[in-house]
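Down below is the structure, laid out as structure tokens.
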Amino acid sequence: MDFTTQLLIAAISAGTPLLLATLGGILNERAGIIQLGAEGLMLMGAVTTCIVYIRSGNLLLALLATVAVTAVLGLLHSFLCVTLRANQTMSGLAMTLFGSGLSAYLGKPISGIPLPGTSPKLHLAWLENVPFIGKIFGNMDYLTWFSLLLVLALHLLIHRTSWGLHLRAVGDSPATADVMGIRVQLIRYSYVITGAALIGLAGADMVLAYAPTWNEGLTAGRGWIAVGLVIFARWNPLRALFCAYFFGALDSLGFRIQLLGSAVPPYFLKMIPYLVTILVLMYLGYRNRNKPSGTPEALGVPYIREQRF
Amino acid sequence: MSLENGRNTAGAFLEPLSSHSGKRFSLRFEYDASRIRSPWWTPIVSIILALLLCALFIAANGMNPVLVYEKMFRGAFGTAYGLTETMVKAIPLLLCGLGIAVAYRISVWNIGAEGQLTVGAMAATAVTIYFPDLPSFWSLSLMLLFGIAAGALWGLLTAIPRTHFGVNELITSLMLNYVALLALDYVVFGPWKDPKGFNFPGSPMFTAAQSLPVLGSTRLHIGLLFGLIAVVIYYLMIRFTKWGYELRLIGANPIAARYAGIPIKRHIIIVMLISGGLAGIAGMAEVSGVTHKLMQGISPGYGYTAIIVAWLAKLNPLGLIVTSILFGGLIVGGYSVQTIGLPSSISEMLQGSILFFLIAGDMIYRFRIRRSRVQLKGGR
Amino acid sequence: MRGTSVEMRGIVKKFGSVTASDQVDFSANAGEIHALLGENGAGKSTVMSMLSGVYRADEGEIFIHGKGAQIRSPKDAAQLGVGMVFQNFRLVQSLTAAENIVLGEKSSFWRGRKWIKNKHKEIKALAERFGLNFPVDRPIWQLSVGEQQRVEIVKTLYRGADIIILDEPTSVLTPGEVEQLFETLRVMKQAGKTVIMTTHKMKEVMASSDRISVMRKGKMIATLTTADTDELELARLMVGKEVTITRQEREATEGDSLLEVKDVDVYADHGRKALDHFSLNVCKGEIVGVAGVAGNGQKELAEVLTGLRGWRSGEITFDGKTVKSASVRGAIDSGISHVPENRMKSGLAGRLGSVDNLLFKSYRSEEHSKFGFLKSAKNRLWSQELVQRFNVKTPELETPVQQLSGGNQQKLLFAREISHRPKLMVAVHPTQGLDVGATAGVHDLLMELRGSGSGVLLISEDLDELLQLSDRILVIYNGSIIGESTHEEANRESIGLLMAGIHNREESAV
């Protein structure tokens with residue numbers, strides 16, 4: 001396999017958890033709720049997958065448990081933000097801290113224990129011989145396929161269904177949506193919970209496809225990168241795909257460059273994703289300073305019904 | 001917005017996810033935005049609730065929560081050694097927490113204390129590496145200076161994207177945390193690696209001249225003084241200086257501050273410089289007073305815990321001292337239960353849950369439960 | 001179906017101690033354009049808000065098409081066929097016009113290309129039937145204000161409204177768009193719909209309506225047939241009879257020129273032109289009143305003078321020096337003080353106490369700080385003095401000012417602004433929300449300033465106040481001054497006409 005193919009495979013592999021987390025974040029924020037707890041949610045997702053998979057040996061059960069656990073956390077976040085109208089930033093931070101602590105606590109007993117298996121792949125023999133894309137798509141993880149289908153599904157949902165219309169209305173102008181008879185609170189709860197579950201799955205994917213055992217701080221800030229990616233992708237699922245894979249490539253680029261025998265210390269290469277995030281956001285900020293940025297207008301603003309216009 | 005009786009009331013219905021028909025009484029949560037100050041006991045209640053929540057997890061692990069908490073408390077506050085250890089841990093929390101509080105006064109979120117602390121420690125170490133033979137006073141002063149400068153610079157890197165490019169400082173400061181940690185890895189495993197440190201990778205040990213003086217035979221170093229002095233300076237400046245006044249004004253009403261001619265961007269930068277500088281002092285103090293060498297993991301997440309410390313103290317300087325000691329105790333307590341088989345991350349778990357309850361508690365106070373008869377017929 | 005479609009009887013609505021609607025009776029017929037006329041604050045919007053379900057009446061009854069109706073929410077109103085087009089549009093900016101119109105529609109989960117295309121056709125057809133033109137498939141933020149309004153109108157039509165209320169619809173339109181709107185209203189009327197329009201513009205009322213109801217200070221004054229009345233009568237009904245207002249006794253003053261604004265263009269947020277070749281001047285020792293309906297440039301005028309907003313072209317001279325650029329500190333230092341329109345939003349910091357609020361503008365001066373430190377003890381004494389002098393009732397000096405009454409807050413504000421002897425005071429709606437006593441206090445302060453040689457620019461919607469205090473009254477309309485009267489000449493009718501945009505006419509003795 002040549003360098004580019006290898007890089008692409010690595011990019012997709014590293015990009016899938018980012019993609020899932022970004023999609024989850026997009027759902028949250030499109031509904032108008034900031035989601036800064038991604039790091040904590042990813043860690044909880046990862047640790048839950050590990051614990052259940054190791055204890056039960058059943059991957060499907062592990063994934064279901066992950067979805068359940070992170071959905072509950074999402075419920076907590078939406079309760080705080082939607083019903084209590086608490087400061088969404090603080091709630092997200094609390095989620096991250098709590099998630100980090102809880103996952104470290106729960107994961108200690110199984111730390112270092114290898115998982116019974118890795119992320120199952122969908123083997124498409126007929127595809128494998130196709131030049132170039134064959135190697136990439138012929139043997140891809142189920143979870144990666146899921147994430148790709150999800151991108152398509154979300155894109156269609158947002159732009160081609162009534163649900164999507166309602167979602168966009170709620171995130172941009174909940175007062176208007178309310179006046180038009182849309183159930184703002186219900187929609188916000190639903191999307192926050194679903195988004196949280198997706199971020200949990202991202203954590204699961206990280207541990208299944210990437211690091212075969214649990215250890216504290218597994219995600220190394222990927223949740224936070226996903227937060228940046230949501231903005232980078234301008235809250236659009238299709239863009240999220242490219243952004244996630246781009247960052248996946250950055251992530252693995254460091255490793256690849258090392259393999260090529262470069263003299264640059266690996267630490268600096270590992271810094272690339274983080275620095276690029278900042279630079280990209282700065283660039284976007286500069287370029288869009290006079291245009292609407294695509295931010296859901298009501299992002300972060302708690303909606304209080306009687307406080308009309 | 002209707003102004004009823006001069007108060008701003010907005011009734012909010014707690015929408016159940018399934019609708020109940022035929023109810024005669026409905027619980028109506030009324031949101032009263034004018035109740036902005038929650039009572040002083042909310043932090044205490046939050047802590048208690050958090051203890052209860054984590055007790056569940058402890059019990060799930062097959063342990064008795066009461067015993068665990070008792071051990072934690074004893075470990076942190078029960079012995080003289082524990083007490084000084086708690087204070088040692090409280091120092092970086094106090095310094096970082098102070099920095100976060102200063103920034104938050106004008107709604108700037110500094111999540112980057114961890115990174116600022118790290119680069120502060122690195123800068124201080126640089127002095128020991130490149131100016132190894134200075135006498136104690138000069139050595140330590142230079143280390144302090146470099147530490148402050150490095151931390152402040154790291155803070156500046158968070159401020160500029162915000163003021164000039166509109167980038168949310170949360171993300172920037174977070175990213176820089178990871179960059180700082182990687183830079184630390186680089187120097188610790190690379191150019192500054194101690195050739196004699198086989199089992200413990202890190203920089204060469206600091207000499208006595210490069211270490212902060214300690215109290216007696218404990219590990220309690222003079223960094224405590226830095227922290228206390230910083231708190232006092234903060235208090236005085238907020239109350240008595242022009243700058244403090246401007247900060248208070250921006251925090252109370254940014255629009256009015258604009259009308260008074262106060263340049264907000266400049267203040268964001270200043271505040272991040274201070275915030276970063278304080279964390280830089282914490283870094284220098286850690287590396288020079290506690291670990292005496294630069295290595296991986298010099299901070300068990302002080303920068304993040306400091307966020308909770310600041311919030312719990314409601315940005316009050318005196319409160320900061322109390323909460324930093326409290327959380328210092330929490331960290332030490334966490335270490336002490338390792339002997340009975342629990343991971344030290346128990347304290348992180350507690351920290352996170354305290355924050356959750358604190359946030360919820362602050363907001364719940366704003367709701368009043370009103371029972372009202374749902375009228376099915378007739379007008380109002 | 002002709003006949004009375006809307007009837008409101010004995011409607012009362014109170015907000016706290018303020019009565020917004022006082023025993024209002026109103027009725028409108030199907031197939032007519034009915035104008036609800038009145039000054040700002042007369043209560044027109046409140047009454048219509050009750051009809052459309054935004055507010056609930058405290059007392060009174062509403063009948064739609066002869067049947068008693070309980071309108072408790074916009075949904076109820078919509079079900080009864082009542083649709084309202086608000087002044088600030090209820091549109092989601094990022095969605096297209098079509099998407100906004102079908103928002104909330106329960107039909108059809110899947111909306112593929114075909115469904116969207118059909119909807120576009122349907123909406124376009126509906127719009128064209130009523131002469132409304134706008135792009136259906138572009139996001140709202142790309143549409144002009146006039147187009148957005150048309151989207152709002154089609155929204156109500158799409159939902160099957162046959163009673164359509166428009167709240168101050170022409171305030172955001174150009175003259176050409178106003179014509180188009182009236183055409184649309186006529187088509188709607190011919191289709192048998194009831195069209196109710198609230199407005200303060202007499203000219204337009206005369207041009208477009210069949211019947212007119214006039215409101216003043218929360219009461220319904222009269223209902224007339226348009227053909228039977230004229231603008232003068234309407235003006236009289238709108239602003240009330242000339243009540244002998246005790247004008248303040250004053251000595252004639254001949255001050256030097258203090259402020260000169262020449263031919264200035266100012267743009268508001270979103271690129272709209274707020275001041276157009278605008279000129280005015282204020283002399284020392286005079287009060288210049290600026291009358292006009294809100295939204296004609298007053299806000300931007302105040303902002304320009306106090307350094308919060310820049311201007312293009314034209315020149316501003318203050319106290320003999322040309323003002324080069326907008327700077328708040330520069331304005332403060334040159335001696336311009338500002339009493340803003342919304343004291344709690346922009347003038348005071350609610351959480352802080354009196355001392356802190358008093359120091360707003362002057363904390364940098366030598367008097368109040370040295371070497372970066374505030375002279376606390378001295379400042380406290382100074383605040384104490386000011387609070388006493390201006391009779392501000394506050395339990396402690398440290399009490400957060402948001403706990404003070406409106407009148408005391410305003411007194412505190414004035415204390416701050418007057419205390420450093422300003423050369424020019426820009427006061428915007430200074431007596432808004434104040435009771436009689438507090439208002440009188442503010443008026444005294446303004447006269448005092450005038451007496452001591454300062455200039456005062458008083459921007460207000462309260463004609464009485466302007467007539468009482470001003471040496472000269474200017475009327476602002478659409479971003480420029482369209483008329484001026486001296487203290488002696490000014491009277492309500494002429495000012496009222498100017499405020500409504502009617503230029504100087506020969507008027508018969510009133």
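Each Cβ is built from the backbone N, Cα and C atoms, and glycine gets one as well.
What TrEMBL says about a protein is an automatic prediction, not a curated fact.
Among the features that TrEMBL reports, transmembrane segment is placed at A:6-26 (among others).
The transmembrane segment feature in TrEMBL is assigned to A:33-54 (among others). Panel annotation: around the transmembrane segment (A:33-54), residues 17, 21, 24-25, 61-63, 65-66, 69-70, 73-74, 77-78, 81-82, 88-89, 91-100, 102-104, 106-107, 110, 113, 115-117, 188, 191-192, 195-196, 199-204, 206-208, 213-214, 217-219, 221-224, 226-227, 230, 299-300 of the same chain, lying at least six beyond its termini, place a Cβ under 8 Å from a Cβ of the stretch.
Within the chain carrying the transmembrane segment (A:60-82), a Cβ under 8 angstroms from the stretch's Cβ atoms is held by residues 33-35, 37, 40-41, 44-45, 48-50, 52-53, 88, 91-92, 95, 99, 185, 188-189, 192-197, 199-201, 203-204, 302-303, all 6 or more beyond its ends. Marked as transmembrane segment by TrEMBL: A:60-82 (among others).
Away from its own ends, the transmembrane segment (A:89-107) comes close to residues 34-44, 46-47, 50-51, 73, 76-77, 80-81, 214-217, 223, 300 of its chain (Cβ-Cβ under 8 Å, at least six residues beyond either end). Summarising the annotation, TrEMBL assigns transmembrane segment to A:89-107 (among others).
Per TrEMBL, the feature transmembrane segment maps to A:142-158 (among others). Counting only same-chain residues 6+ beyond the ends of the transmembrane segment (A:142-158), those with a CB under 8 A from a CB of the stretch are 12-13, 16, 19-20, 23, 26-27, 30, 119-122, 164, 167-168, 198, 201, 204-205, 208-209, 236-238, 240-241.
Summarising the annotation, TrEMBL assigns transmembrane segment to A:189-211 (among others).
According to TrEMBL, the transmembrane segment annotation covers A:267-286 (among others).
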